Amino acid sequence: MTDADSAVPPRLDEDAISKLELTEVADLIRTRQLTSAEVTESTLRRIERLDPQLKSYAFVMPETALAAARAADADIARGHYEGVLHGVPIGVKDLCYTVDAPTAAGTTIFRDFRPAYDATVVARLRAAGAVIIGKLAMTEGAYLGYHPSLPTPVNPWDPTAWAGVSSSGCGVATAAGLCFGSIGSDTGGSIRFPTSMCGVTGIKPTWGRVSRHGVVELAASYDHVGPITRSAHDAAVLLSVIAGSDIHDPSCSAEPVPDYAADLALTRIPRVGVDWSQTTSFDEDTTAMLADVVKTLDDIGWPVIDVKLPALAPMVAAFGKMRAVETAIAHADTYPARADEYGPIMRAMIDAGHRLAAVEYQTLTERRLEFTRSLRRVFHDVDILLMPSAGIASPTLETMRGLGQDPELTARLAMPTAPFNVSGNPAICLPAGTTARGTPLGVQFIGREFDEHLLVRAGHAFQQVTGYHRRRPPV
(Lines of atoms letter the chains of each structure in order from A; the text may use other names.)
(Lines give C-alpha, C1' and ligand atoms only; values in the text may rest on other atoms or scores of the structure.)
Protein backbone atom coordinates (compact mmCIF):
# COMPACT_ATOMS: atom_id res chain seq x y z
CA MET A 1 0.00 0.00 0.00
CA THR A 2 1.52 3.30 -1.04
CA ASP A 3 0.58 6.96 -1.17
CA ALA A 4 0.51 8.65 -4.59
CA ASP A 5 3.52 10.89 -5.01
CA SER A 6 2.47 14.44 -5.86
CA ALA A 7 6.01 15.27 -7.07
CA VAL A 8 6.15 14.02 -10.67
CA PRO A 9 9.54 12.49 -11.56
CA PRO A 10 11.13 13.38 -14.91
CA ARG A 11 10.62 9.88 -16.33
CA LEU A 12 7.68 7.74 -15.36
CA ASP A 13 7.35 3.98 -15.49
CA GLU A 14 4.05 2.10 -15.75
CA ASP A 15 3.55 1.99 -11.98
CA ALA A 16 4.20 5.71 -11.53
CA ILE A 17 1.89 6.63 -14.41
CA SER A 18 -0.87 4.45 -12.99
CA LYS A 19 -0.81 6.32 -9.67
CA LEU A 20 -1.45 9.73 -11.21
CA GLU A 21 -4.77 11.52 -10.97
CA LEU A 22 -6.59 12.39 -14.19
CA THR A 23 -5.65 16.06 -13.97
CA GLU A 24 -2.00 15.19 -13.30
CA VAL A 25 -1.61 12.92 -16.32
CA ALA A 26 -3.58 15.44 -18.42
CA ASP A 27 -1.07 18.16 -17.57
CA LEU A 28 1.83 15.93 -18.62
CA ILE A 29 0.10 15.17 -21.93
CA ARG A 30 -0.74 18.84 -22.51
CA THR A 31 2.88 19.90 -21.92
CA ARG A 32 4.11 16.93 -24.00
CA GLN A 33 6.17 15.47 -21.15
CA LEU A 34 4.22 12.32 -21.94
CA THR A 35 2.35 11.44 -25.10
CA SER A 36 -1.16 10.09 -25.08
CA ALA A 37 0.15 7.02 -26.90
CA GLU A 38 2.69 6.38 -24.13
CA VAL A 39 0.03 6.71 -21.44
CA THR A 40 -2.45 4.55 -23.36
CA GLU A 41 0.13 1.84 -24.10
CA SER A 42 1.20 1.84 -20.45
CA THR A 43 -2.43 1.53 -19.30
CA LEU A 44 -3.13 -1.28 -21.77
CA ARG A 45 -0.08 -3.18 -20.50
CA ARG A 46 -1.33 -2.73 -16.95
CA ILE A 47 -4.78 -4.00 -17.93
CA GLU A 48 -3.20 -7.03 -19.62
CA ARG A 49 -1.12 -7.75 -16.51
CA LEU A 50 -3.67 -7.11 -13.74
CA ASP A 51 -7.17 -7.50 -15.16
CA PRO A 52 -7.10 -11.30 -15.46
CA GLN A 53 -7.22 -11.16 -11.64
CA LEU A 54 -9.29 -7.99 -11.14
CA LYS A 55 -11.86 -8.67 -13.90
CA SER A 56 -12.86 -5.01 -14.16
CA TYR A 57 -13.24 -4.88 -17.96
CA ALA A 58 -15.99 -6.46 -20.03
CA PHE A 59 -14.27 -5.37 -23.27
CA VAL A 60 -10.87 -3.77 -23.82
CA MET A 61 -10.47 -1.70 -26.99
CA PRO A 62 -6.71 -1.55 -27.74
CA GLU A 63 -6.84 -0.78 -31.46
CA THR A 64 -9.37 2.05 -31.31
CA ALA A 65 -7.82 3.41 -28.11
CA LEU A 66 -4.33 3.59 -29.62
CA ALA A 67 -5.69 5.18 -32.80
CA ALA A 68 -7.46 7.83 -30.70
CA ALA A 69 -4.29 8.39 -28.65
CA ARG A 70 -2.14 8.91 -31.74
CA ALA A 71 -4.72 11.30 -33.17
CA ALA A 72 -4.69 13.23 -29.88
CA ASP A 73 -0.90 13.47 -29.98
CA ALA A 74 -1.00 14.79 -33.55
CA ASP A 75 -3.62 17.39 -32.61
CA ILE A 76 -1.67 18.55 -29.55
CA ALA A 77 1.57 18.76 -31.55
CA ARG A 78 -0.25 21.09 -33.98
CA GLY A 79 -1.38 23.27 -31.07
CA HIS A 80 -4.97 22.03 -31.21
CA TYR A 81 -5.77 21.16 -27.59
CA GLU A 82 -9.37 20.23 -26.75
CA GLY A 83 -9.05 20.48 -22.98
CA VAL A 84 -8.18 18.44 -19.92
CA LEU A 85 -9.52 15.12 -21.24
CA HIS A 86 -7.58 15.33 -24.51
CA GLY A 87 -5.57 12.13 -24.83
CA VAL A 88 -6.53 10.72 -21.41
CA PRO A 89 -7.67 7.05 -21.21
CA ILE A 90 -11.20 6.78 -19.81
CA GLY A 91 -13.35 3.69 -19.22
CA VAL A 92 -17.13 3.57 -19.58
CA LYS A 93 -19.58 1.24 -17.87
CA ASP A 94 -20.82 -1.43 -20.25
CA LEU A 95 -24.33 -0.01 -20.41
CA CYS A 96 -23.20 3.07 -22.37
CA TYR A 97 -23.66 2.60 -26.11
CA THR A 98 -20.40 2.56 -28.11
CA VAL A 99 -20.26 2.20 -31.88
CA ASP A 100 -16.86 0.49 -31.75
CA ALA A 101 -17.58 -2.16 -29.08
CA PRO A 102 -20.49 -4.30 -27.92
CA THR A 103 -22.79 -3.04 -25.17
CA ALA A 104 -23.91 -6.02 -23.10
CA ALA A 105 -24.96 -4.30 -19.84
CA GLY A 106 -23.74 -7.23 -17.77
CA THR A 107 -26.10 -9.65 -19.54
CA THR A 108 -25.72 -12.56 -21.91
CA ILE A 109 -28.81 -11.55 -23.90
CA PHE A 110 -27.11 -8.42 -25.28
CA ARG A 111 -23.54 -9.74 -25.50
CA ASP A 112 -23.52 -9.35 -29.31
CA PHE A 113 -25.39 -6.03 -29.42
CA ARG A 114 -23.46 -3.45 -31.46
CA PRO A 115 -25.12 -0.02 -31.18
CA ALA A 116 -25.40 2.15 -34.27
CA TYR A 117 -24.53 5.27 -32.26
CA ASP A 118 -22.66 6.38 -29.16
CA ALA A 119 -24.41 7.29 -25.94
CA THR A 120 -24.48 11.07 -25.52
CA VAL A 121 -21.98 10.84 -22.65
CA VAL A 122 -19.60 8.80 -24.82
CA ALA A 123 -19.98 11.21 -27.75
CA ARG A 124 -19.17 14.12 -25.42
CA LEU A 125 -16.09 12.34 -24.08
CA ARG A 126 -14.85 11.70 -27.61
CA ALA A 127 -15.53 15.31 -28.63
CA ALA A 128 -13.40 16.41 -25.67
CA GLY A 129 -10.54 14.24 -26.96
CA ALA A 130 -10.78 11.45 -24.40
CA VAL A 131 -9.41 8.02 -25.30
CA ILE A 132 -12.11 5.40 -24.66
CA ILE A 133 -10.01 2.45 -23.54
CA GLY A 134 -12.74 -0.08 -22.81
CA LYS A 135 -16.11 -1.09 -21.40
CA LEU A 136 -16.26 -1.79 -17.69
CA ALA A 137 -17.86 -4.83 -16.10
CA MET A 138 -21.07 -4.57 -14.11
CA THR A 139 -23.89 -6.53 -12.55
CA GLU A 140 -26.64 -7.93 -14.75
CA GLY A 141 -28.72 -5.05 -16.09
CA ALA A 142 -27.23 -2.73 -13.41
CA TYR A 143 -29.15 -4.48 -10.63
CA LEU A 144 -27.71 -6.19 -7.54
CA GLY A 145 -26.49 -9.55 -8.87
CA TYR A 146 -24.01 -10.72 -11.49
CA HIS A 147 -25.13 -13.01 -14.26
CA PRO A 148 -24.05 -16.52 -13.18
CA SER A 149 -22.01 -17.08 -16.35
CA LEU A 150 -20.01 -13.82 -16.13
CA PRO A 151 -16.99 -12.95 -13.95
CA THR A 152 -17.26 -10.75 -10.86
CA PRO A 153 -14.87 -7.76 -10.47
CA VAL A 154 -12.39 -8.13 -7.60
CA ASN A 155 -11.68 -5.41 -5.02
CA PRO A 156 -8.02 -4.33 -5.53
CA TRP A 157 -7.59 -3.62 -1.81
CA ASP A 158 -8.56 -7.10 -0.67
CA PRO A 159 -9.91 -9.94 -2.84
CA THR A 160 -12.15 -11.08 0.02
CA ALA A 161 -13.79 -7.63 0.23
CA TRP A 162 -16.92 -6.69 -1.71
CA ALA A 163 -16.25 -4.29 -4.61
CA GLY A 164 -19.74 -2.74 -4.69
CA VAL A 165 -22.49 -2.84 -7.31
CA SER A 166 -23.43 -2.17 -10.01
CA SER A 167 -20.59 0.03 -11.35
CA SER A 168 -18.07 -2.34 -9.77
CA GLY A 169 -15.81 -2.47 -12.82
CA CYS A 170 -15.62 1.33 -12.78
CA GLY A 171 -14.60 1.42 -9.12
CA VAL A 172 -12.04 -1.37 -9.46
CA ALA A 173 -10.43 -0.06 -12.67
CA THR A 174 -10.23 3.53 -11.44
CA ALA A 175 -8.72 2.52 -8.09
CA ALA A 176 -6.22 0.12 -9.67
CA GLY A 177 -4.99 2.57 -12.31
CA LEU A 178 -6.52 0.71 -15.25
CA CYS A 179 -8.04 4.00 -16.44
CA PHE A 180 -7.82 7.59 -15.21
CA GLY A 181 -11.55 8.02 -14.73
CA SER A 182 -14.74 6.26 -15.67
CA ILE A 183 -18.42 6.80 -16.33
CA GLY A 184 -20.82 4.84 -14.14
CA SER A 185 -24.51 4.87 -13.36
CA ASP A 186 -26.43 4.94 -10.09
CA THR A 187 -30.03 3.80 -9.58
CA GLY A 188 -29.91 3.17 -5.83
CA GLY A 189 -26.23 3.51 -4.93
CA SER A 190 -24.35 2.05 -7.90
CA ILE A 191 -21.79 4.85 -8.17
CA ARG A 192 -21.51 5.36 -4.42
CA PHE A 193 -21.11 1.71 -3.35
CA PRO A 194 -18.10 0.96 -5.62
CA THR A 195 -16.43 4.30 -4.93
CA SER A 196 -16.75 3.71 -1.21
CA MET A 197 -15.51 0.10 -1.37
CA CYS A 198 -12.62 0.87 -3.75
CA GLY A 199 -11.45 4.14 -2.17
CA VAL A 200 -12.18 6.52 -5.05
CA THR A 201 -14.42 9.54 -5.65
CA GLY A 202 -17.77 9.55 -7.44
CA ILE A 203 -20.62 11.92 -8.23
CA LYS A 204 -24.25 10.94 -8.56
CA PRO A 205 -25.52 14.13 -10.21
CA THR A 206 -28.99 15.59 -9.95
CA TRP A 207 -31.45 13.48 -11.94
CA GLY A 208 -31.57 15.05 -15.41
CA ARG A 209 -28.19 16.78 -15.08
CA VAL A 210 -26.54 14.20 -17.39
CA SER A 211 -28.18 12.67 -20.46
CA ARG A 212 -29.27 9.02 -20.33
CA HIS A 213 -29.59 8.78 -24.12
CA GLY A 214 -27.89 5.58 -25.25
CA VAL A 215 -27.59 4.24 -21.69
CA VAL A 216 -29.32 0.93 -20.98
CA GLU A 217 -32.11 1.50 -18.45
CA LEU A 218 -32.57 -0.18 -15.13
CA ALA A 219 -35.28 2.18 -13.87
CA ALA A 220 -35.63 5.37 -15.89
CA SER A 221 -36.80 7.78 -13.21
CA TYR A 222 -34.08 6.66 -10.77
CA ASP A 223 -31.12 6.18 -13.15
CA HIS A 224 -28.31 8.75 -12.84
CA VAL A 225 -25.12 8.81 -14.96
CA GLY A 226 -21.96 10.23 -13.42
CA PRO A 227 -18.16 10.16 -13.07
CA ILE A 228 -15.91 7.95 -10.95
CA THR A 229 -12.37 9.27 -10.47
CA ARG A 230 -9.64 9.53 -7.85
CA SER A 231 -10.38 13.07 -6.68
CA ALA A 232 -13.11 15.69 -6.54
CA HIS A 233 -11.06 17.80 -8.97
CA ASP A 234 -10.96 14.95 -11.49
CA ALA A 235 -14.69 14.30 -11.06
CA ALA A 236 -15.38 17.98 -11.71
CA VAL A 237 -13.52 17.77 -15.02
CA LEU A 238 -15.51 14.76 -16.21
CA LEU A 239 -18.85 16.14 -15.02
CA SER A 240 -18.24 19.43 -16.86
CA VAL A 241 -17.87 17.48 -20.12
CA ILE A 242 -20.78 15.05 -19.82
CA ALA A 243 -23.42 17.30 -18.20
CA GLY A 244 -25.93 19.43 -20.07
CA SER A 245 -29.14 19.36 -22.05
CA ASP A 246 -29.65 16.84 -24.83
CA ILE A 247 -32.34 16.93 -27.52
CA HIS A 248 -32.29 13.11 -27.53
CA ASP A 249 -33.26 12.90 -23.84
CA PRO A 250 -36.35 14.96 -22.95
CA SER A 251 -35.78 14.27 -19.24
CA CYS A 252 -32.40 16.00 -19.41
CA SER A 253 -32.41 19.46 -17.85
CA ALA A 254 -31.63 22.66 -19.73
CA GLU A 255 -30.15 24.14 -16.53
CA PRO A 256 -26.84 25.85 -17.47
CA VAL A 257 -23.68 23.83 -16.77
CA PRO A 258 -20.83 25.67 -15.06
CA ASP A 259 -17.20 24.69 -15.49
CA TYR A 260 -17.10 22.74 -12.25
CA ALA A 261 -13.29 22.53 -12.27
CA ALA A 262 -12.56 26.17 -13.12
CA ASP A 263 -12.69 27.44 -9.53
CA LEU A 264 -12.59 24.88 -6.74
CA ALA A 265 -12.41 27.41 -3.89
CA LEU A 266 -15.47 27.60 -1.64
CA THR A 267 -17.19 30.98 -1.87
CA ARG A 268 -18.70 30.54 1.61
CA ILE A 269 -18.58 28.09 4.49
CA PRO A 270 -21.25 25.42 3.96
CA ARG A 271 -23.71 24.47 6.67
CA VAL A 272 -23.74 20.70 7.17
CA GLY A 273 -26.61 18.65 8.58
CA VAL A 274 -26.64 15.18 10.16
CA ASP A 275 -29.68 13.21 11.31
CA TRP A 276 -28.07 11.07 13.99
CA SER A 277 -31.39 9.37 14.75
CA GLN A 278 -31.18 7.61 11.38
CA THR A 279 -27.62 6.34 11.83
CA THR A 280 -28.37 3.80 14.57
CA SER A 281 -28.53 0.85 12.17
CA PHE A 282 -25.01 1.47 10.86
CA ASP A 283 -22.11 -0.69 12.04
CA GLU A 284 -19.28 0.48 14.30
CA ASP A 285 -16.83 1.24 11.46
CA THR A 286 -19.42 3.41 9.72
CA THR A 287 -20.44 5.41 12.80
CA ALA A 288 -16.78 5.92 13.78
CA MET A 289 -16.01 7.17 10.25
CA LEU A 290 -18.94 9.61 10.41
CA ALA A 291 -17.75 10.92 13.77
CA ASP A 292 -14.24 11.43 12.36
CA VAL A 293 -15.65 13.31 9.37
CA VAL A 294 -17.68 15.58 11.66
CA LYS A 295 -14.53 16.30 13.70
CA THR A 296 -12.62 17.15 10.52
CA LEU A 297 -15.36 19.52 9.39
CA ASP A 298 -15.46 21.11 12.83
CA ASP A 299 -11.67 21.57 12.73
CA ILE A 300 -11.89 23.50 9.45
CA GLY A 301 -14.73 25.66 10.73
CA TRP A 302 -17.77 24.16 9.03
CA PRO A 303 -20.86 24.24 11.25
CA VAL A 304 -22.43 20.78 11.66
CA ILE A 305 -25.97 20.81 13.02
CA ASP A 306 -28.60 18.23 13.88
CA VAL A 307 -31.42 17.95 11.36
CA LYS A 308 -34.56 15.85 11.07
CA LEU A 309 -34.82 14.03 7.74
CA PRO A 310 -37.95 12.31 6.48
CA ALA A 311 -37.80 8.61 7.34
CA LEU A 312 -35.33 6.83 5.05
CA ALA A 313 -36.08 3.14 5.66
CA PRO A 314 -39.72 3.25 4.43
CA MET A 315 -38.57 5.09 1.32
CA VAL A 316 -36.03 2.35 0.57
CA ALA A 317 -38.85 -0.20 0.66
CA ALA A 318 -41.03 1.94 -1.61
CA PHE A 319 -38.11 2.51 -3.97
CA GLY A 320 -37.56 -1.24 -4.32
CA LYS A 321 -41.13 -1.84 -5.46
CA MET A 322 -41.26 1.11 -7.87
CA ARG A 323 -37.87 0.32 -9.37
CA ALA A 324 -39.07 -3.24 -10.08
CA VAL A 325 -41.99 -1.89 -12.13
CA GLU A 326 -39.72 0.39 -14.17
CA THR A 327 -37.29 -2.48 -14.76
CA ALA A 328 -40.10 -4.73 -15.96
CA ILE A 329 -41.02 -2.04 -18.50
CA ALA A 330 -37.39 -1.58 -19.58
CA HIS A 331 -37.05 -5.33 -20.27
CA ALA A 332 -40.43 -5.87 -21.92
CA ASP A 333 -38.84 -6.82 -25.26
CA THR A 334 -36.89 -9.73 -23.77
CA TYR A 335 -38.82 -10.68 -20.62
CA PRO A 336 -40.60 -13.03 -20.20
CA ALA A 337 -39.89 -14.19 -23.77
CA ARG A 338 -36.26 -15.00 -22.89
CA ALA A 339 -36.60 -15.34 -19.14
CA ASP A 340 -34.39 -18.44 -19.02
CA GLU A 341 -31.41 -16.33 -20.16
CA TYR A 342 -31.66 -14.04 -17.13
CA GLY A 343 -29.93 -14.65 -13.82
CA PRO A 344 -32.13 -15.54 -10.82
CA ILE A 345 -31.77 -12.21 -8.98
CA MET A 346 -32.77 -10.16 -12.02
CA ARG A 347 -35.64 -12.55 -12.82
CA ALA A 348 -37.08 -12.28 -9.32
CA MET A 349 -37.00 -8.49 -9.40
CA ILE A 350 -38.74 -8.24 -12.79
CA ASP A 351 -41.38 -10.74 -11.68
CA ALA A 352 -42.03 -8.57 -8.61
CA GLY A 353 -42.51 -5.59 -10.90
CA HIS A 354 -45.12 -7.45 -12.93
CA ARG A 355 -47.04 -8.33 -9.76
CA LEU A 356 -47.32 -4.83 -8.27
CA ALA A 357 -50.85 -3.41 -8.49
CA ALA A 358 -51.37 -0.08 -10.23
CA VAL A 359 -53.12 1.39 -7.18
CA GLU A 360 -50.17 0.51 -4.94
CA TYR A 361 -47.75 2.00 -7.46
CA GLN A 362 -49.69 5.28 -7.47
CA THR A 363 -49.77 5.31 -3.66
CA LEU A 364 -45.99 4.88 -3.61
CA THR A 365 -45.63 7.70 -6.15
CA GLU A 366 -47.45 10.02 -3.74
CA ARG A 367 -45.10 8.97 -0.95
CA ARG A 368 -42.16 9.69 -3.24
CA LEU A 369 -43.41 13.22 -3.88
CA GLU A 370 -43.98 13.85 -0.17
CA PHE A 371 -40.49 12.59 0.67
CA THR A 372 -38.99 14.95 -1.91
CA ARG A 373 -41.00 17.90 -0.57
CA SER A 374 -39.88 17.15 2.99
CA LEU A 375 -36.25 16.88 1.93
CA ARG A 376 -36.38 20.25 0.19
CA ARG A 377 -37.54 21.81 3.45
CA VAL A 378 -34.45 20.43 5.21
CA PHE A 379 -32.25 22.22 2.68
CA HIS A 380 -33.68 25.55 3.87
CA ASP A 381 -31.48 25.12 6.95
CA VAL A 382 -28.37 23.42 5.57
CA ASP A 383 -26.35 23.29 2.35
CA ILE A 384 -25.05 19.72 2.67
CA LEU A 385 -26.34 16.54 4.27
CA LEU A 386 -23.84 14.05 5.62
CA MET A 387 -24.36 10.31 5.12
CA PRO A 388 -22.13 7.26 4.70
CA SER A 389 -21.77 6.08 1.10
CA ALA A 390 -23.10 2.65 2.05
CA GLY A 391 -25.07 1.31 4.97
CA ILE A 392 -22.51 -1.46 5.58
CA ALA A 393 -18.80 -0.70 5.98
CA SER A 394 -16.54 -2.58 3.54
CA PRO A 395 -18.30 -5.95 3.88
CA THR A 396 -16.77 -9.23 2.80
CA LEU A 397 -17.96 -11.15 -0.23
CA GLU A 398 -19.39 -13.74 2.13
CA THR A 399 -21.46 -11.11 3.96
CA MET A 400 -22.91 -9.83 0.67
CA ARG A 401 -23.72 -13.23 -0.81
CA GLY A 402 -27.43 -12.72 -0.12
CA LEU A 403 -27.66 -9.26 -1.71
CA GLY A 404 -30.80 -9.00 -3.82
CA GLN A 405 -32.30 -12.05 -2.12
CA ASP A 406 -32.16 -11.02 1.55
CA PRO A 407 -34.47 -7.97 1.89
CA GLU A 408 -33.00 -6.91 5.25
CA LEU A 409 -29.41 -6.95 3.94
CA THR A 410 -30.39 -5.02 0.82
CA ALA A 411 -32.32 -2.42 2.84
CA ARG A 412 -29.42 -1.90 5.29
CA LEU A 413 -26.98 -1.35 2.44
CA ALA A 414 -29.20 1.10 0.52
CA MET A 415 -30.65 3.15 3.38
CA PRO A 416 -28.20 6.07 3.02
CA THR A 417 -28.21 6.00 -0.79
CA ALA A 418 -31.48 4.95 -2.47
CA PRO A 419 -33.64 7.71 -0.91
CA PHE A 420 -31.59 10.29 -2.79
CA ASN A 421 -32.29 8.52 -6.08
CA VAL A 422 -35.95 8.81 -5.11
CA SER A 423 -35.57 12.58 -4.65
CA GLY A 424 -32.99 13.06 -7.41
CA ASN A 425 -30.60 15.08 -5.21
CA PRO A 426 -26.91 15.14 -6.16
CA ALA A 427 -24.25 13.50 -3.99
CA ILE A 428 -20.48 13.27 -4.03
CA CYS A 429 -18.84 10.20 -2.50
CA LEU A 430 -15.40 10.73 -0.94
CA PRO A 431 -12.86 8.37 0.63
CA ALA A 432 -13.06 9.11 4.35
CA GLY A 433 -11.39 6.38 6.37
CA THR A 434 -10.32 2.77 6.57
CA THR A 435 -11.33 -0.38 8.38
CA ALA A 436 -8.96 -2.26 10.70
CA ARG A 437 -8.03 -4.51 7.77
CA GLY A 438 -7.11 -1.49 5.61
CA THR A 439 -10.08 -1.41 3.25
CA PRO A 440 -11.64 1.96 2.37
CA LEU A 441 -14.70 3.70 3.79
CA GLY A 442 -16.64 6.48 2.06
CA VAL A 443 -18.79 9.43 3.04
CA GLN A 444 -21.44 11.27 1.02
CA PHE A 445 -22.02 15.00 0.80
CA ILE A 446 -25.61 15.39 -0.48
CA GLY A 447 -26.76 18.72 -1.88
CA ARG A 448 -29.69 20.65 -3.26
CA GLU A 449 -30.82 19.84 -6.77
CA PHE A 450 -28.34 21.20 -9.36
CA ASP A 451 -25.89 22.29 -6.64
CA GLU A 452 -23.10 20.00 -7.84
CA HIS A 453 -20.69 22.95 -7.90
CA LEU A 454 -20.93 23.35 -4.13
CA LEU A 455 -20.47 19.60 -3.65
CA VAL A 456 -17.36 19.55 -5.84
CA ARG A 457 -15.88 22.51 -3.97
CA ALA A 458 -16.74 21.02 -0.59
CA GLY A 459 -15.34 17.65 -1.63
CA HIS A 460 -12.13 19.27 -2.86
CA ALA A 461 -11.76 21.19 0.42
CA PHE A 462 -12.29 17.98 2.41
CA GLN A 463 -9.69 16.17 0.33
CA GLN A 464 -7.12 18.90 0.89
CA VAL A 465 -7.18 18.26 4.64
CA THR A 466 -7.63 14.47 4.68
CA GLY A 467 -5.69 12.89 1.82
CA TYR A 468 -7.54 9.55 1.81
CA HIS A 469 -8.01 9.94 -1.94
CA ARG A 470 -4.23 9.67 -2.41
CA ARG A 471 -4.05 6.15 -1.02
CA ARG A 472 -3.51 3.49 -3.68
CA PRO A 473 -4.35 -0.23 -3.47
CA PRO A 474 -1.51 -2.78 -3.28
CA VAL A 475 -1.62 -3.94 -6.90
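Note: Cβ is positioned from N, Cα and C throughout, glycine not excepted.
Small disclaimer: the values here were computed from a predicted structure and weren't measured.
As given in Swiss-Prot:
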| type | residues | note |
| --- | --- | --- |
| ACT_SITE | LYS93 | active site, charge relay system |
| ACT_SITE | SER166 | active site, charge relay system |
| ACT_SITE | SER190 | active site, acyl-ester intermediate |
Rounded to the nearest Å, what's the C-alpha distance separating LYS93 (active site, charge relay system) and SER190 (active site, acyl-ester intermediate)? Just drop the number here, would you?
11
Given the residue listed as 'active site, acyl-ester intermediate' and SER166 (active site, charge relay system), what distance in Å do their CA atoms have, once rounded to a whole number?
5
Test of understanding: give the count of other CB atoms lying within 10 angstroms of the CB of SER190 (active site, acyl-ester intermediate).
32
Would you mind pulling the DSSP three-state label for SER166 (active site, charge relay system)?
coil
Hey, what's the Cβ neighbour count for LYS93 (active site, charge relay system) at 10 Å?
31
